[in-house]
Amino acid sequence: MSSSSASVDLSRYGWDEDWQSAFAPFAAQGLIPGRVARVDRGLCDVVTSLGTLRADTALVTPRDPVRIVCTGDWAAVAEGVAEIGAQVRALLPRRTAVIRSGASRRSLGQVLAANVDTVVIAVSLAVEPDLGRVERFLALAWESGATPVVALTKADLAPDAQLIRADIERIAPDVPVHVVSATEREGLAELRAVLGEGTVLVGQSGVGKSTLANALVGEDAMDVRAIGVDGKGRHTTTTRELLPLPGGRGVLIDTPGLRGVGVMDVAGGLQQVFADIDRLAADCRFADCGHLGEPECAVQRALDEGELSYRRLDSYRKLQRENQWMARRADVRLRAEARRARIERDRHWRGRGRDARANRQV
Ligand SMILES: Nc1nc2c(ncn2[C@@H]2O[C@H](COP(=O)(O)OP(=O)(O)OP(=O)(O)O)[C@@H](O)[C@H]2O)c(=O)[nH]1
Ligand SMILES: [Zn+2]
């Protein structure tokens, strides 16, 4: 699909009047708008009205990984002439960003998708779902500014899909939960109906995201391959793609499967996922109740009555601790960076002073 020359209608990719007005200053510089469909090692595929261009992203590569170009971004692109290829010159400010904490142990974030209004969390019905992991994804999704939806995949492999659905609904208040089978093409229309203008599919590796994306888009658009390269014969999505859904129903972004998903800066998201616990806590006698045996604790009462599970309260505490820990790490990192910058600056000025003295002596 790359470098087609046909004229592309960008409204199929989510272009609207607000983007248009945000773009005005770039249009004045002769740049063209494009939506980033895929990013890899310094280059990206960007869909413009002229077709998909391969563009250099060096000019928009800051140190902060959260600000690095990502699938779903709207970019101001210089088309390029002769040997000089296309270049991404700037990114329009994002409306939403789905961010997880970085894969490494350093406290850096990684943007999974930008400018989506729906986050579909894919959870496989083929295995016992890990409720804590679903809660993590929900926190990320709420925090992004988009709306979460849960898709329970591989329904054809699960005799008790409705039981699992009830469990998920309990931990995901106010979130639509859909049971689908991509291979049997079941539940797809219902799922499609709740998607917004832009959707990203997230979830663990192997839950069936790419297969579901293909089923929703209606063609073999994603690269789903059984590869033996890693020796485990796992199915792995090697690229991240953005595709328009049929019937003008917005775009769909597939993401590579995540082994683990860390949270950072998700305090607001956690409050939304665990709104039930916060509501209970409001009825505790003490405003700062730790729900650890204090008298007249509404959370303890709900635990005793089986209205709230110990697992869910533990999960909330664990995610809160992780979030605070990540925030502290980010603080430490920012302070270290500031210190490094100060040392650099001092060295620079000391060097200049030495040069000036040396000059005087000549
Ligand atoms: N039975 C059944 N198998 C499915 C279904 N959807 C996906 N699969 C299978 O599950 C395996 C993983 O599917 P993928 O679509 O590659 O999963 P993914 O989540 O994109 O995986 P990553 O790319 O690693 O993130 C493949 O063997 C699919 O054929 C389904 O609805 N039913
Ligand atoms: Zn309490």
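Start at 1 and count along the chain as shown; that gives each residue its number.
Backbone N, Cα and C atoms are what each Cβ position is placed from, and that goes for glycine too.
Proximity of T153 (GTP binding site) to non-local residues of its own chain (separation of 6 or more, Cβ distance below 8 Å) is seen for A122, V123, S124, L125, A126, V180, S181, A182, V207, G208, K209, T211, L212, given in sequence order. Secondary structure at T153 (GTP binding site), as computed by DSSP, is strand. Per TrEMBL, GTP binding site is recorded for T153, K154, A155, D156, G203, Q204, S205, G206, V207, G208, K209, S210, T211.
Within the same chain, the residues at least 6 positions away from H291 (Zn(2+) binding site) whose Cβ sits under 8 Å from its Cβ are A281, C284, C297, V299, Q300, L313, listed in sequence order. When secondary structure is read from DSSP and collapsed to three states, H291 (Zn(2+) binding site) falls in the coil class. Among the features that TrEMBL reports, Zn(2+) binding site is placed at C284, C289, H291, C297.
For the domain 'CP-type G' (105-261), the predicted model reports an average pLDDT of 84. What TrEMBL lists as domain 'CP-type G' is 105-261.
Feature annotation from TrEMBL assigns domain 'EngC GTPase' to 114-259.
The maximum pairwise C-alpha distance among T153, K154, A155, D156, G203, Q204, S205, G206, V207, G208, K209, S210, T211, the residues recorded as binding GTP, is 19 Å. Checked against ligand 1, the binding-site residues A155, V207, C289, H291, C297 give V207 in sequence order as having a Cβ less than 6 Å away from one of its atoms. In the shown protein chains, 28 other C-beta atoms lie within 10 A of the C-beta of K209 (GTP binding site). With a CB cut-off of under 6 A applied against ligand 2, the binding-site residues T153, S205, C289, C297 are reduced to C289, C297.
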